[in-house]
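**Q** According to TrEMBL, the protein carries these features:
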DOMAIN    18-369  domain 'Acyltransferase 3'
TRANSMEM  22-43  transmembrane segment
TRANSMEM  58-79  transmembrane segment
TRANSMEM  99-117  transmembrane segment
TRANSMEM  156-174  transmembrane segment
TRANSMEM  194-212  transmembrane segment
TRANSMEM  224-241  transmembrane segment
TRANSMEM  253-273  transmembrane segment
TRANSMEM  285-306  transmembrane segment
TRANSMEM  327-346  transmembrane segment
TRANSMEM  352-371  transmembrane segment
REGION    394-414  region 'Disordered'
COMPBIAS  405-414  compositional bias 'Low complexity'
Amino acid sequence: MSLTNPSTTAPDGSSRRYDLDWLRVIAFAILIFYHIGMFYVTWDWHVKSPHAGTAPEFIMQLVNAWRLALLFLISGIALRYVTDRGTLGRFTGKRTLRLILPILFGMAVVVAPQSYFQLRQAGVIEAGFGAFYADYLSFDPAVMERWQLIVPTWNHLWYVVYLMVYTWIVVLLIKPLRALSLLIERLPRKAWPLLLIVPALPFILYRFTLVTRFETTHDLIWDWANHANSLTILLLGFVLAKNEGFWRAVRKALPVTLGLVLISALIFSHFWQDDVFETLLDQPVALAAIRTLRVLYAWWAILAILGLGQRFLNHDSPARAYMTNMIFGWYILHQTITVAAGYYLAEMSLPAGLEFLLVSVATILGCLIGAEAIRRSVILRPFFGMQSKRAISKARDGDARRSGRGAPASSSAS
């Protein structure tokens, strides 16, 4: 995710790649609605609706397979474009500052209410945010033991933390990554059908090695399976970002990838039923096949989304320019709003449909209004990853000059 908003040209340099801006916005929007969905499933989350159950879980599982991978892939693509412009030292310093400010401010201020409402619903603490907040910022091991939480925490901002670290890794590996990119560009056109399988092979390996040993923690230090998956897909985006053969193959494969996604979903609709899945636990070969298919399905879904983006989203509009600058602020705000709204609405014993509508509306309006207020504040903008008005104006002027030469422009594709 580039907070400097680097858009791209087409791989052949002929036109702007607005589709990647749109896909970044869509990827974050999916993440926002996914977290609303977490209020309604049986999986562990900060607060729960009294209507939580298994009904939404199949759709959530389908989306969960690729939602974060798509975001990290787009982040890798954007990193390629920004690191190909300017000096690496200056870029690294600016990027680190732009990410560390939202992380620190988010942990200290934005995320704190999530822990408060989580503990309130669990009956661990009494009402009163002031007393809670003093303990939240105390770094007291006794408090953490009593709450069974590590505080201060970053919760959903783990993505930003990981992205900052991955950016440093990319900078350190920049020469071999560029060399690998050039090597891949030399592949013959007839080799590109392998696109459907070969890039998924590392993730299949991770599924049967690291994933079975390391639970996802989002704690940065002991999250090896998640790091393997997230960093690999980001590096994949980096090396393929400017590869004309890759993007051509994605376009041509669109009917195939859409078909594979649909077929996979139909298969999962049967085998992911609780009673059926339990029978697979005694059939290691069948279980391994379903787990392998899930990894392939995630890659095919990403390819299909990229193909759909090229076909339908490669156009500009004022909405794109606005949302690419605002979406990161919406992302930072959204989960706190969802948790707070969910906590209060859960106590009202509302019908499930009305409660879901109100949680969704509260989240959307809260993000829109909150981010718009932040956009107008010179002081708050850096803490939510938003560019200054001067930087936006400068980037637009640069876009106009570069687009006339077919060179990469500035927007927010990661």
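Every residue gets a Cβ built from N, Cα and C, even glycine.
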**Q** Under 8 Å for C-beta pairs, could you tell me which stretch among 22-43, 99-117, 224-241, 285-306, 352-371 has the largest tally with the transmembrane segment (253-273)?
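**A** Answer is 285-306, with the largest number of Cβ pairs below 8 Å.
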**Q** Can you tell me which parts of the same chain pack against the transmembrane segment (352-371), counting only residues 6+ beyond its ends and a CB-CB cutoff under 8 A?
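**A** Beyond its ends, the transmembrane segment (352-371) has Cβ neighbours at 32-33, 36, 39-40, 49, 51, 326, 329-330, 333-334, 337-338, 341-342, 345-346, 384, 386.
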**Q** Counting Cβ pairs under 8 Å that sit 6 or more residues apart, are there three or more between the transmembrane segment (156-174) and the transmembrane segment (285-306)?
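**A** Per Cβ check, the transmembrane segment (156-174) does not touch the transmembrane segment (285-306).
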**Q** Between the transmembrane segment (58-79) and the transmembrane segment (285-306), are there three or more C-beta pairs closer than 8 Å, counting only pairs 6 or more apart along the chain?
**A** yes
**Q** Apart from its near flanks, which chain residues at least 6 from the ends of the transmembrane segment (194-212) lie with a Cβ under 8 angstroms of it?
**A** 224-225, 228-229, 232-233, 236, 246, 249-250, 253, 256-257, 260, 288, 291-292, 294-296, 298-300, 303
**Q** For the domain 'Acyltransferase 3' (18-369), what's the model's average pLDDT?
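**A** Overall, the domain 'Acyltransferase 3' (18-369) comes to a mean pLDDT of 97.
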**Q** Give residue numbers and ranges for long-range contacts of the transmembrane segment (99-117): same chain, 6 or more residues beyond its ends, CB-CB under 8 A.
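**A** 3, 46-47, 125, 129, 132-133, 136-137, 147, 149, 151-157, 160-161, 163-164, 167, 328, 332-333, 335-336, 339-340, 342-343, 382-385.
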